[in-house]
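Participant: Dumping what TrEMBL says about this protein:
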| type | residues | note |
| --- | --- | --- |
| TRANSMEM | A:12-35 | transmembrane segment |
| TRANSMEM | A:42-59 | transmembrane segment |
| TRANSMEM | A:65-84 | transmembrane segment |
| TRANSMEM | A:96-115 | transmembrane segment |
| TRANSMEM | A:135-159 | transmembrane segment |
| TRANSMEM | A:187-211 | transmembrane segment |
| TRANSMEM | A:217-234 | transmembrane segment |
| TRANSMEM | A:265-286 | transmembrane segment |
């Protein structure tokens, strides 16, 4: 019984980690209709920003959010404006190549600037162990869980209750109609991409004190966040949260009972089953996935 | 876009390529001999690739200052093995355009395996000074030589260290210790782990768990739990850097305290690893790796002079033991080549096969004697321990600067 509880807690913490990285990815996909393969690299860049801001200003890593968020939001808008927008009406494959190219360019730019070394952001007490009998976790992990739930709730409120949020959803549903209603579609895409990337900005602030930063770090998180996004239903934000939790828990239990070398088999096996029997994802409804309409 | 602009865009990269390639052409004159130096000098492996190259450079400078090989000054022609494809391309360039007599390299096993296929076909000798994959010298190649210890030697040192130093330090019979092997699941980790299993079983050790995991894992708590559930006394982990840090941190935070943790190379040897997990956490952790600098100078003869030469040339301390091992390996090869005449593959083979250097006489401590497959069978890895924020050699006793303590 103890072991089940331990693994459950481990799984929830891991799921929260996947969730907080995946939310921005699914938002960008749902609205801008771009599969952003450079998503992990935005996380990496943001983690570097956290590291340098922490080192430079000597502040708690969480405080760097005030610097990291605007910077990464601006970077996201810039990428949308100069890279994605000119390709918006071209073939989907071109956009995939563009974001894959961006990912490779970002990794190698950081390698050129900072080398392949790791940079450890001070843990600032966030690695303090919370001991709940059989289950143990770090305060930093608990914060990620809380933040992931708050982020999903916050984005939901933003999309449903604000004028800009409604404009974003309208653009996501039908770009042409939204434009006819007087929505500046180009602007909405830039803001959405910026928000999507800002989600990993938030994730970076929470993750940097727990994981060393290196140019390759984005790659560690991004594969499973694609699984999460597709499993949750492309574009479904609450679906991503639930899928992340499922994957986290499956990962923890399979890792313990079957072994680390088998756990990916289980995770991806479940993923394949979802794709076969529910290709729209666990929580995805019928969606307009065309980026031209 | 106008036609001219289009044309300019298309031609610009080509123009750069031509400019770049003409600038590096150097010709060997009559009293010079040219060798290729193939390392990853850009990309993710650049740091230790460059560190390895520096060792070769220092060896060449030292030998040139003493008259060169066969009375000729050595000229190194660099090649950047940033990935497997480029390793192949650069090996071709070095052979056909630069006409090198042989190639030295490579630090990364995958690059070495790729590039040496080209050299073998062309009949050009390849001297590997730093890559550890077992198969490099086990493909039936005739012109492949390797001076450094391999994955197999790493496992040998792990097991010998448990038998001869760890068990006595714990005051326990080695056969009673419960041993867990965890490893990243690429070729590197898997190959070391399979030799650990082999040698461990031969020695009658009680291996209770062998488990691979992907190196990009972001959570190892389930592995830590499994090790704890099996009451593992000694954990051996063969890993890269991020997974070393992850395991050491999570084991510590979850209160898993085995009697000994023994790492394999890479991540466990690096100061940033110790800084990331904390010196108090890494204190006492063991490791098997290439010879490093906190080593008995009476056994690693010339290590101090190497560090001095390194400082004089690069203005800093060596960043890892890779430069030292490339330096010592290059010296073994180049000094052997000085004993024969000419650089044909046959004379090079003859020269290498005649090498017989005892342990305790080189800057890395290990000796040199090449087997038929080209592997230096006298090579071995050192056992090291993190003590007071430093990684010091504790095994074998001849090379140790302190006793292994647990």
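Glycine too: its Cβ is placed from the backbone N, Cα and C atoms.
Each of the listed features needs to be described in terms of its position in the shown structure.
Facilitator: Among residues of the same chain six or more beyond the transmembrane segment (A:12-35), those with a C-beta under 8 A of the stretch's C-beta atoms are 42-43, 80, 84, 95-96, 99, 137, 141-142, 144-145, 147-148, 151-152, 155, 168-169, 171-172, 188-189, 192-193, 195-200, 202-203, 206-207, 221-222, 224-226, 228-229, 232, 234-237, 239-241, 243-249, 251-252, 287, 289-291.
Residues of the same chain lying 6 or more positions beyond the ends of the transmembrane segment (A:65-84) and with a Cβ under 8 Å from any Cβ of it are 32, 34, 38, 42, 45-46, 49-50, 53, 95, 98-99, 102, 189-198, 200-202, 204-205.
Sequence-distant contacts of the transmembrane segment (A:135-159), counting only residues of its own chain at least 6 positions beyond either end whose CB sits under 8 Å from a CB of the stretch, comprise 5-6, 8-10, 12-13, 16-17, 19-20, 23, 27, 123, 125-129, 165-166, 168-169, 195, 199, 202-203, 206-207, 209-210, 237-238, 240-241, 244.
With a threshold of 8 Å between CB atoms, the same-chain residues lying at least 6 positions outside the transmembrane segment (A:265-286) that come near it are 224, 227, 230-236, 238-239, 242-243, 246-247, 250-251, 254, 258.
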